Amino acid sequence: MPFRLLIQLGLLCTLLPLHYGAPGPDGTAPDSAHYRERVKAMFYHAYDSYLENAFPYDELRPLTCDGHDTWGSFSLTLIDALDTLLILGNVSEFQRVVEVLQDNVDFDIDVNASVFETNIRVVGGLLSAHLLSKKAGVEVEAGWPCSGPLLRMAEDAARKLLPAFQTPTGMPYGTVNLLHGVNPGETPVTCTAGIGTFIVEFATLSSLTGDPVFEDVARVALMRLWESRSDIGLVGNHIDVLTGKWVAQDAGIGAGVDSYFEYLVKGAILLQDKKLMAMFLEYNKAIRNYTRFDDWYLWVQMYKGTVSMPVFQSLEAYWPGLQSLIGDIDNAMRTFLNYYTVWKQFGGLPEFYNIPQGYTVDKREGYPLRPELIESAMYLYRATGDPTLLELGRDAVESIEKISKVECGFATIKDLRDHKLDNRMESFFLAETVKYLYLLFDPTNFIHNNGSTFDAVITPYGECILGAGGYIFNTEAHPIDPAALHCCRRLKEEQWEVEDLMREFYSLKRNRSRFRKKRMNSGSWEPPERPGTFSSPENHDQAREKKVGKQKISLLSCPSQPFTSKLALLGQVFLDSS
């Protein structure tokens, strides 16, 4: 039976009708104020449990009420939850945690860390908290947002990751030792997302610090992936960063690839970079041509376009939200509603879902409280106001509280079929899942600012506008204020102008001195030793433009999201089955 027909026959795969602005099943949309308070209570149950039972470890183990380190001994949950505190309105706790992090977090440690996870969770979390510090009532230092303790911490963490990018291709290793760099025996095989998820954080960091190295390495990695795509326009799942050869040739939008596409769009918006958006739109054509079947997205062989895995992965649920960012609302809603049927079937999204069979995949039945479908609901609700999206939020709150809540927090669901639990609460539950739920039910949150209000900040480089909205969430849901990327730029440009003027002044002075000396020695005029020293204003402007072109940091760029965790969860899944 043709695969497309199998999908059409599946009860759960039937496309739900669109009802923009329609009421819920009982005639009314879910009460946003009620569920907003429920979400806030969820956050504090999880957050307080972490503080009481797990801090300073990375994450809480909710079944045994203790903690463990998972990604590098950073007190990771505290970093990941910091900007969520402000979004929920808790400025006093935000201020306290900023002090705690400054006093306790050290990146000079002999730990093997995921380059991807450290970037999206630690670098992204610290950058976001740094940019939100003044709004949270933190007494910022002179020069903020171009300086500050959290910015220095973010820069320190990012510098620990730079050795991973020192490869023949410019694509980074997946793991780096924070003290010693890349281990000699480190595998060169990295997933696509682990290579292409840096531009948001790294460009932001370069913009704020004035050091272009971060944005530069992120852009090189993006370009190497772009240049490695197949003739039909697709990228695989894992690649050898030393040789540039694809190791896993499954192409899709889910695990191991997802945030690469996400960062092309978000990087384009953040940096107003037409080239990044053009790259994504080309990928989008290939994705629609080869992987899309009746508003589901499958996995295909990257060179042939033949189906290799007819599955939906929970990590793919970010895609409708990404579609909304490029204005493709109708397609986004259709895909979202497909994914929502899976949620309704199980009370959560299993890691893998076999589309033709309409059921979970063996050993992939778990739900670690991932945020992706809620994230898409938040984006789409902002775009459409469709109450169906609030219904997903309601279902998520009810389901997570009923199935996952335990005495010490919220536990990962090991198996959605029988609701068995696992002894882990990932930091992204507080960074993403709870945050997107709260923002779904809180239409007046400052994150949703439409530009009607803003703050004018005086920096050493001039006046800067912040807080006007348009926040870009990294893949760990840490919001970056795009306006901040313009706050620290004038320094370098003005510095170069002053340097050029001083250089011209001393050049003129030196050559006049030479002229006088030669005239005194010879009694006749001779041209300067280096032709062109006495340059016309036009020539000088051309020379300065050439110099600035070499030195000036491009007007913004950044990086972010987790990948190694996906590999650990999914295991050896992405094998070429052709």
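One is the number of the first residue shown, and numbering goes on along the chain from there.
Heads up, the Cβ atoms here are built off N, Cα and C, so glycines get one too.
Curation plays no part in TrEMBL annotations; they are all automatic predictions.
If you look up TrEMBL, you'll see 1-21 marked as signal peptide.
Marked as active site, proton donor by TrEMBL: E117 (among others).
Per TrEMBL, the feature active site maps to D258 (among others).
If you look up TrEMBL, you'll see E351 (among others) marked as active site, proton donor.
Cβ-based neighbour count (10 Å, all protein chains) for E372 (active site) stands at 24. Annotation source TrEMBL lists active site at E372 (among others).
Taken from TrEMBL, the feature Ca(2+) binding site applies to T475. Here the Cβ of T475 (Ca(2+) binding site) has 30 other Cβ atoms within 10 Å, regardless of which shown protein chain they belong to.
If you look up TrEMBL, you'll see 517-550 marked as region 'Disordered'.
TrEMBL lists 538-548 with the feature compositional bias 'Basic and acidic residues'.
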Residue among active-site residues E117, D258, E351 with least C-beta crowding, 10 angstrom cut-off
E351
Integer Å value for the Cα distance linking E117 (active site, proton donor) with E351 (active site, proton donor) is 19
How big is the Cα-to-Cα gap, in Å, between D258 (active site) and T475 (Ca(2+) binding site)?
10
